[in-house]
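Taking it in order: structure first as structure tokens, then the write-up.
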Amino acid sequence: MSSTNQSSVTEFLLLGLSRQPQQQQFLFLLFLTMYLATVLGNVLIILAISTDSRLHTPMYFFLCSLSFVDVCFSSTTAPNVLANHILGSQKISFSGCLTQLYFLCIFGDMDNFLLAVMAYDRFVAICHPLRYTTKMTHQVCALLVMGSWVVANMNCLLHILLMARLSFCADNIIPHFFCDVTPLLKLSCSDTHLNELMILTEGAVVMVTPFVCILISYIHITWAVLRVSSPRGGWKAFSTCGSHLTVVCLFYGTVITVYFNPSTSYSAGRDTAAAVMYTVVTPMLNPFIYSLRNRDMKVALRKVLAMRFPSKQ
């Protein structure tokens with residue numbers, strides 16, 4: 001890797017969500033509201049699960065991990081967007097851009113892996129209920145999460161090293177609100193075929209493998225539910241998966257839209273809208289999706305809120 005590759009362009013300009021001044025103030029307030037809701041909602045989920053011993057089960061352990069990752073995921077982009085608006089600056093250094101891309105990749109991969117782990121947890125709970133406690137032990141749960149972190153770090157380090165070897169010669173304007181892979185590849189004046197090949201092969205394997213695991217898990221779950229003699233019992237078993245399925249559809253729908261299209265079909269407006277969905281909107285909605293139809297979570301959240309804001313007699 002030559003240092004001259006990086007000396008031609010030392011910083012990039014992020015155009016943000018809109019170039020129209022009348023829209024920027026509205027988008028700033030909207031982004032601030034969504035980010036605060038994301039942090040507050042997910043932190044409440046973490047506190048509720050941590051303080052209620054009834055929720056110390058594998059399903060809620062994975063949900064707690066997902067909430068932590070969602071806070072980190074949103075924090076890689078939203079604070080920078082808000083700070084740029086306040087300071088009136090659109091600049092981000094080359095190293096800062098790669099750092100943001102690295103953490104965005106890690107937390108995106110972790111979301112992906114945790115959704116697959118949660119699907120496997122539901123598969124074992126519904127299809128093999130008598131063996132659930134022996135299969136989903138504390139050690140197994142910890143290994144699943146730690147293994148996900150290791151794979152995510154290795155995958156993202158590979159893509160960052162490949163990105164760091166590229167040359168950026170003249171144009172440094174990124175039509176996005178954060179440093180993302182596709183806009184950076186479009187700006188590079190060197191050969192990006194290896195990067196694109198790795199995204200569509202190794203990157204696709206990392207993304208598609210958990211998705212296939214989710215599909216297989218839900219095929220088995222559906223088959224097990226259909227075999228239940230009582231329709232009410234079958235629906236009750238499947239209803240525990242409804243929240244998870246909603247999040248899976250939101251996450252994978254937007255990610256596939258952004259990353260698994262040829263670079264020739266790249267559209268800044270479409271990809272920016274999809275990126276807002278999976279970096280800000282989905283992490284914000286997750287606490288609501290997982291708690292609104294979950295009686296245990298509602299009770300735990302009320303206890304946390306009662307501890308923080310005790311009623312005055």
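Glycine is treated like the rest: Cβ placed from N, Cα and C.
Among the features that TrEMBL reports, domain 'G-protein coupled receptors family 1 profile' is placed at 41-290.
Per TrEMBL, transmembrane segment is recorded for 26-48 (among others).
Annotation source TrEMBL lists transmembrane segment at 60-81 (among others).
Sequence annotations record features per position, and here TrEMBL assigns transmembrane segment to 101-120 (among others).
Marked as transmembrane segment by TrEMBL: 140-162 (among others). Counting residues 6+ beyond its ends, the transmembrane segment (140-162) has Cβ neighbours under 8 Å at 1, 58, 61-62, 65, 98, 101-102, 105-106, 109-110, 113-114, 117, 120, 181, 194-195, 198-199, 202-203, 206 in the same chain.
Annotation comment: TrEMBL describes 204-226 (among others) as transmembrane segment.
TrEMBL lists 238-260 (among others) with the feature transmembrane segment.
Sequence-distant contacts of the transmembrane segment (272-292), counting only residues of its own chain at least 6 positions beyond either end whose CB sits under 8 Å from a CB of the stretch, comprise 17, 31, 34-35, 37-38, 41-42, 44-45, 63, 66-67, 70-71, 73-74, 76-78, 104, 108, 175-178, 180, 243, 246-247, 250-251, 254-255, 257-258, 298, 301. As annotated by TrEMBL, transmembrane segment applies to 272-292 (among others).
The list of residues near the transmembrane segment (26-48) in space but at least 6 beyond its ends in sequence, with Cβ under 8 angstroms from a Cβ of it, reads 16-18, 55, 63-64, 67-68, 70-71, 74-75, 78-79, 81-82, 85, 280-281, 283-284, 286-288, 290-291, 297, 300-301, 303-305. For the domain 'G-protein coupled receptors family 1 profile' (41-290), the model's pLDDT averages out at 86.
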